[in-house]
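A.B. asks: Take a look at what TrEMBL says about it:
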TRANSMEM  63-82  transmembrane segment
TRANSMEM  94-112  transmembrane segment
TRANSMEM  158-177  transmembrane segment
TRANSMEM  183-203  transmembrane segment
TRANSMEM  215-234  transmembrane segment
TRANSMEM  246-268  transmembrane segment
TRANSMEM  389-411  transmembrane segment
TRANSMEM  417-436  transmembrane segment
TRANSMEM  448-466  transmembrane segment
TRANSMEM  486-506  transmembrane segment
Amino acid sequence: MGEMNHQPGVPPPVGVPPPMGMQPMMNAPVGAGAMHQPYEQFNQLNYCVHSNPSWVQVAGLAFLHYLVMLGSTVMLVSIIVPAMGGGPGEKARVIQAFLFVSGINTLLQTLVGTRLPTVMNASFAFVVPVLSIARQFNTNDFESNHERFVHTMRATQGALIVASILNMILGYSRAWGAFAKKFSPVIMTPVVCVVGLGLFQIGFPQVGKCVEIGLPMLILAIVVQQYAPLYFRHIHERTTFLFERYSLLLCIGIVWAFAAILTAAGAYNHVSLKTQQHCRTDKSFLISSAPWIKISYPFHWGPPIFTAGHSFGMMGAVLVSSFESTGAHFATARLAGATPPPAHVLTRSIGLQGIGIFLAGLCGAPAGSSVSVENIGLLGLTKVGSRRVIQISTGFMIFFSIFGKFGAFFASIPLPIFAAIYCILFGIVAAVGISFSQFANKNSMRNIYIIGLSLFLGISIPQYFAEYTASAGRGPARTNAGWFNDIINTVFASGPTVALIVASLLDNTLEPRANENDRGLSWFTPFLRRRKGYSDPRNEEFYSYPIRVHDFVPHRFL
């Protein structure tokens with residue numbers, strides 16, 4: 001066969017060897033070096049959900065998880081307690097209540113909930129209904145701000161107790177599990193992305209409130225955690241391990257000491273009160289206000305006040321916490337080396353979350369709980385997804401909730417330090433969401449449309465509600481039914497909730513059967529189902545109960 005003529009600059013036909021002059025450029029297909037096969041688990045994890053480091057390492061990582069969740073707790077308390085009429089004393093006691101409830105709820109979730117290494121912490125989803133309740137009680141109607149605070153707290157407790165029933169019904173009726181069976185990688189990609197990106201307001205905007213502390217913390221954390229191991233690993237292998245897992249503790253200590261030096265040197269003596277509150281290490285008054293020992297027993301603020309309007313308004317936040325926790329559980333599973341949580345695991349976790357919100361109402365915590373996003377990011381940062389680490393961290397939460405002075409010492413860390421850490425941790429969670437797209441067809445215009453629209457609306461709609469509320473003092477929903485306003489303003493202020501609603505609606509209505517392979521269902525469905533011979537056998541490895549519950553409880557109830 002004679003040699004074929006070839007025009008310069010035009011690739012030869014498929015199956016025809018290229019001319020000799022073109023061989024070095026045509027040895028591999030275009031883009032072959034950039035192609036990566038999908039992986040169900042991250043290869044760089046050192047410990048997955050059921051493997052454990054040494055007890056010394058567990059203790060250090062558990063304390064770090066406690067510190068990370070403490071920052072968002074203090075941020076939330078700083079928003080709602082002053083609006084309720086509370087001062088530093090009430091703020092310290094509410095932090096103690098949140099820590100106690102978080103410790104109990106986290107321990108329950110890791111034992112009989114999802115069994116994933118998730119920290120259950122106070123949720124920002126409850127800010128809207130709590131502030132709505134607080135606005136209904138005027139200071140002039142009470143003899144003191146403390147009396148107003150107690151009355152508002154009792155009304156909030158009553159609303160939480162009633163609203164928590166919604167989660168219990170959704171979870172233990174298995175309704176949430178039926179909803180979860182409609183999920184796909186196309187849905188989880190934007191949802192998990194927005195779980196991380198939706199919290200950007202407590203990231204760099206908080207860093208900027210004291211940039212001379214927050215920005216050094218951000219830069220130092222990146223350099224010490226990422227770059228230092230590259231330069232010191234030739235000294236000893238152990239240096240990489242220390243920098244990867246415990247660098248945040250070192251950075252927090254250094255920048256906190258730097259903030260204390262600035263405070264003692266008088267750098268903030270002549271600045272505004274807001275700047276002092278964000279920068280000074282002695283302006284929170286938490287240490288002086290916190291009791292030495294205090295146990296958060298039921299109804300320590302007094303008997304709850306039950307009002308139908310408050311309870312219905314709170315249900316919006318309870319529902320949002322379920323949406324947000326669902327997306328967070330998928331992110332946790334990825335970073336803990338587990339399979340995606342099956343539908344029956346998600347539904348029992350939502351039911352248990354309802355019990356946790358009920359417990360918060362009993363013990364005087366003015367907000368319900370959801371999965372702590374910052375602690376999910378910490379799993380990826382430290383490359384340790386061990387369940388035991390999170391279980392031991394509950395010991396720190398409960399200990400510092402009882403011994404208030406010690407807990408207040410760490411709670412007095414300036415918030416820009418925490419915010420700098422969150423810039424990294426929230427970014428990791430958002431990137432995990434992107435990784436779910438590898439299991440779907442990324443070249444499908446249908447998938448691109450659904451992911452893009454869900455991601456954009458999940459960020460844009462809550463931003464509109466936030467800007468409207470900041471300028472007008474109330475949310476966009478303004479009808480004569482205050483409880484309806486609270487539900488609308490809460491639901492659409494949550495990025496993960498909006499993303500999950502939009503993505504689920506589009507993915508399950510735009511020719512879902514004709515695009516099952518493009519949607520990634522061939523990979524995703526075996527993890528969500530429970531039928532024998534159809535579900536992935538690894539589900540039992542990660543999500544089974546620690547004891548043989550099946551011997552005592554019928555299978556259909558688990």
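In case you wondered, yes, glycine gets a Cβ from its N, Cα and C as well.
Note that TrEMBL annotation is computational and uncurated.
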A.B. asks: Please indicate, using numbers and ranges, the residues of the same chain that are 6 or more beyond the transmembrane segment (448-466) and have a C-beta under 8 Å from a C-beta there.
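C.D. replies: For the transmembrane segment (448-466), the sequence-distant neighbours (Cβ-Cβ under 8 Å, at least 6 residues beyond its ends) are 186-187, 189-191, 193-194, 197-198, 201, 437, 442, 475-476, 489, 492-496, 498-499, 502-503, 506-507, 510.
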A.B. asks: Do any residues, 6 or more residues outside the transmembrane segment (63-82), come within under 8 Å Cβ-to-Cβ of it, and if so which ones?
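C.D. replies: Sequence-distant neighbours of the transmembrane segment (63-82): 90-91, 94-95, 98-99, 102, 119, 121-122, 124, 127, 130-131, 134, 149, 202, 206, 246, 248-249, 252, 366-367, 372, 374-375, 378, 382, 389-390, 393, 396-397, 400, 410-411, 413, 415, 417-419, 421-422, 425.
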A.B. asks: Between the transmembrane segment (486-506) and the transmembrane segment (94-112), are there three or more C-beta pairs closer than 8 Å, counting only pairs 6 or more apart along the chain?
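C.D. replies: Counting Cβ pairs under 8 Å, fewer than 3, so no.
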A.B. asks: The transmembrane segment (94-112): which same-chain residues, six or more beyond its ends, come within Cβ distance under 8 Å?
C.D. replies: 69-70, 73-74, 76-77, 81, 86, 118-122, 286, 290, 294-296, 348-349, 352-353, 355-356, 359-360, 363-367, 369, 387, 390-391, 393-398, 400-402, 404, 407-408, 411, 545-546
A.B. asks: Take a look at 215-234, 246-268, 417-436 and tell me which one has the most Cβ pairs under 8 Å to the transmembrane segment (183-203).
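C.D. replies: Comparing 215-234, 246-268, 417-436 against the transmembrane segment (183-203), the winner is 417-436.
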